[in-house]
Structure formats: structure tokens, C-alpha cells
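Some notes on the structure that comes next.
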Amino acid sequence: MSFNTFGHMFRVTTFGESHGVAIGCVVDGCPPLIPLTEADIQGDLDRRRPGQSRFTTQRQEADQVKILSGVMAHPETGVQVTTGTPIALLIENTDQRSKDYSEIQNKFRPGHADFTYEAKYGIRDYRGGGRSSARETATRVAAGAVARKVIAGMTVRGALVQIGPHQIDRDKWDWAEIGNNPFFCPDKDKAAFFADYLDGIRKSGSSIGAVIEVVAEGVPAGLGAPIYAKLDTDLAAALMSINAVKGVEIGDGFATAALTGEENADEMRMGNAGPQFLSNHAGGILGGISTGQPVVARFAVKPTSSILSPRKTIDRAGHDTDILTKGRHDPCVGIRAVPVGEAMVACVLADHLLRHRGQVG
């Protein structure tokens, strides 16, 4: 299996499977002399970690990260810093239940990558989905924590803005609320609604989709390049690569199709600090290059495909059959996708920042 690496200057390679011994990543291209400890990474991993509420999978993983290479104590200050060499990060798997999947090893789960992996490789890891499992995203979050250190001065924050057909009230958006509920929801009232709504979904054995919004502030103007290295191109690809993501938009995205030119174009004026935009329909990117405004991206996550109702499928021998998925699964995988989306945006920004420096100094 190839294509486990993304990025150009800031490159991330992930490895491991859901029920393997461990998962991890190698970050290559991180500049030297950046303070970095396991604690810097652990905080982000803890936000994504499973089993923290009744609304996520009850698989209990500590997700304790180990830095295997790429750092050392500074000879003068004693502070642990990056050396400029590849940074290897390891996260052990400790709560696998492969027996939960023994009955379906010869059946293709509807909505999962079982059939396509089998069609392409002639073999698949049926134990929790192997490499196609959302378990892999923990490695992205670890890499994203390193990226955040590279883009110091920029702030990347994510929020869950929709579950099923129910959207937040944007007039009530409060970033301070994100840590006060298990949904990463910036609307206090809607978070309470989500709890009741998702309880019903969970108890029925079903699942539901969601929309996540990621906002990057402090992004300087000039990141990205035309034509095939656009910042929004790489953001879309990075977010689309996350498990279960089925759609990505930048700025107003698909809503711009209903706008006129007068409504959509972000007008400008000169302010005391320089050029100012009067709106941000473009999501902080024009012509593939950052404008200096907040970069705004949203992505849609499909409902978790593993549900507790019988489904029609086929087996490896080509026979029609039914399947009932067991195991521990998220009723809304979009919840834990919030820190994953943040990580991917941070990695793309780190990559483009280094590419920008390499081109223009």
C-alpha cells in the first residue's frame, strides 16, 4: 500500500492499523530548535481520545504518545528541542477486541472500505477496519501538534456546527464553550439539544453525520501558489483524506452558487494597519493564496457505517447474505473529527509556510 505520506516540505507519513500493536507517524521537514515535548502532543491527543463520553466509542485507549527520535536537550538551555531530523511518534494500541469481528471476516460491511480494499489488494484487515479505521487519525493529531509548533503565531480551532439536519445558531457562537461540552460545540443551547438528540440516535443503535468548521487565524497573506499548489487545493485534499469525510468547502463554499457578484466579492478599504476586507466570503483565500484574513474550511462527515441493524451485503465467495455489525463504534464520528480537522489544517499551513519561506525568503 503506497500513498501514506502527505505534504511537501512538512511531510507526514502515518503507519499502523486499528488492531495492530501500535500506530504512529514520522514527521519530516520540521525545522530545528523548536521546543517539543510529549506533553505538547498529548494535549491534542487527549481531545480526540475515545471513550470520554457516552457519545463516542467506548473503546478505551490511553493514546499515550512516545517521541522516538528527532529531539534532544539543547546543550545550553537543557530545553528539549527539535533537531531537524525526522520525528518519529508512536502510540500503542491497548484495547483491541478482534473477536468482535470474527463473524464478519468473510463479509463486506456496507458503507465501509471492506469491498474496495479487497478489490484492490486481494486482502483486507477485517479487525476493526485495519488501516481504514478512524483509529489512524490519532497519528494525524500527533503530527498536527508538531505542526502547531511550526506555525506559532497562528491559531487553528475547530467546532462542530451541525449534527444531522440540526445546525448551531451562529449568533450564539462562543469559542469558550468548546471545552464545556462533549461535542466541541460553540453554541451552549445547541450543545444541550445535541445531547438529547444523539442519545436517541445512540439508543436506537443507529448513527448520524455532522459538519465541522475549522478556522485558522493569524495566517499571513501570501501562503499558497497558483496554479497547482493552491492553499485551498491542499486544504481540501487534506480534509477529504480524513475517514468518513464526504464533502469539503472553503469560505461560503456551495452557498456562493446562490449569491450575486455584488454579494460574494469581498470588498476592501485601507485601514490604519493596512488593507482591510469588509467581509470574508472567500474564507481567507483568493487565487489559491492566503489573504491575511481567517482561513475558514468546513467538512461533512457521513454517519458511522457500523450500526446495530441488520444490513444486506455479499460475502467474499460472492453470495448474498445479511450482516449485523458488532463492536464499539461512534454514534457520530464527526465529534472526534474536530481535532483531526484542526490537525490537518495545521499540517497544511506548516507545509505552505515552509514552502513560502523557501520561495520568497
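Quick reminder: no glycine exception, Cβ is built from N, Cα and C everywhere.
Pulled from Swiss-Prot:
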- Arg48, Arg54: NADP(+) binding site (BINDING)
- Arg131, Ser132, Ser133, Asn243, Ala244, Gly287, Lys302, Pro303, Thr304, Ser305, Ser306, Arg328: FMN binding site (BINDING)
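The binding-site residues under consideration are Ser133, Thr304, Ser306. Their Cβ neighbour counts within 10 Å are lowest for Ser133. Here the binding-site residues are Arg48, Arg54, Arg131, Lys302, and the one ringed by the most other CB atoms within 10 angstroms is Arg48. Reported as a whole number, the C-alpha separation between Arg54 (NADP(+) binding site) and Lys302 (FMN binding site) equals 19 Å. Annotation note: Arg131 (FMN binding site) sits in a helical segment as assigned by DSSP. Long-range neighbours of Ala244 (FMN binding site) (same chain, six or more residues apart, CB within less than 8 Å of its CB): Ala134, Val301, Lys302, Thr304, Ser305, Val333, Gly334, Ala337. Ser306 (FMN binding site) sits 19 Å from Arg48 (NADP(+) binding site), counting Cα to Cα. On the backbone, the CA of Ser133 (FMN binding site) and the CA of Arg48 (NADP(+) binding site) stand 14 Å apart. The two recorded residues, Arg48 (NADP(+) binding site) and Arg131 (FMN binding site), have Cα atoms 18 Å apart.
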